[in-house]
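In what follows, a structure is listed as structure tokens, so that the remarks can point back to it.
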Amino acid sequence: MYRALLFYAYRERLEKEEKQMKLIIGLGNPGKTYEKTRHNIGFQVIDELAKRLQAPAFQKKFNGQYTTVHTVQGKVILLKPMTYMNLSGECVRPLADFFEVNDEEIVVLYDDLDLPVGKIRLRQKGSAGGHNGMKSLIAHLGTTEFNRIRIGVDRPSGGMKVSDYVLAPFSADEQPLIEEAVQKSADACEEWQKTPFIEVMNKFNGS
């Protein structure tokens, strides 16, 4: 009898865990050429989370790289689309459909030109704000109702083209600010595992 109760309790916990599924997406471009560029800040946060959560090796599927982690709070999927930035939605939509992830259980990490370097801002919904990766996600998901963490990279100066700027690495002066932003963004994602996003947003937007 006792063993049967333990079995049912264990099965109930597993079923609950499967329902509490969260998808964390970092946007960027594949390949070593783009590894440390401004546009790849989302990938950096995913790599930091994978390290913290001791995630298994990334799998290649759905035109992306993803890994699945089982935490006390439930299942977490970490995803890096490998389609190149402007086609990110082509990876995200089939993966979200396959794992049956609800829109409100998605958070997207990406670079933002309208925030100072290293500043992070959390939002529950909104437009793409001119970001091509976000435009693709919104088009393929068919909604703007998903969470996002914007990481500031500032705008270029001296007449540099935006396209060149986002594909360039951070300067030596910017690097400490970016490293801190990566840590804070990962902190926010971990907090989201146990706290509603609105509360995480209030906490981290005020810091």
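One-based numbering along the chain as shown.
Each residue, glycine too, has its Cβ placed from N, Cα and C.
Annotations in TrEMBL come from automatic prediction, not curation.
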*Check TrEMBL for me: it has TYR34, TYR84, ASN86 binding tRNA, so pick out which one of ASN63, ASN132, ASN147 it puts in that same site.*
ASN132
_Candidate recorded positions ASN29, HIS39, ASP111, pick with smallest Cα gap to ASN86 (tRNA binding site)_ = ASN29
_If the tRNA binders are TYR34, TYR84, ASN86, ASN132 per the record, what's the largest distance between their Cα atoms, in Å?_
16
*Name the residues of the same chain, 6+ apart in sequence, whose Cβ is under 8 Å from the Cβ of HIS39 (active site, proton acceptor)?*
LEU27, GLY28, ASN29, MET85, ASP111, VAL166, LEU167
*Do any residues at least six apart in sequence from TYR34 (tRNA binding site), in the same chain, have a Cβ closer than 8 Å to its Cβ, and if so which, in order?*
GLY28, ASN40, LEU167
*Quick one: what's DSSP say for TYR84 (tRNA binding site), helix, strand or coil?*
coil
*asked:* Give me the count of other Cβ atoms within 10 A of the Cβ belonging to ASN29 (site 'Discriminates between blocked and unblocked aminoacyl-tRNA').
replied: 22
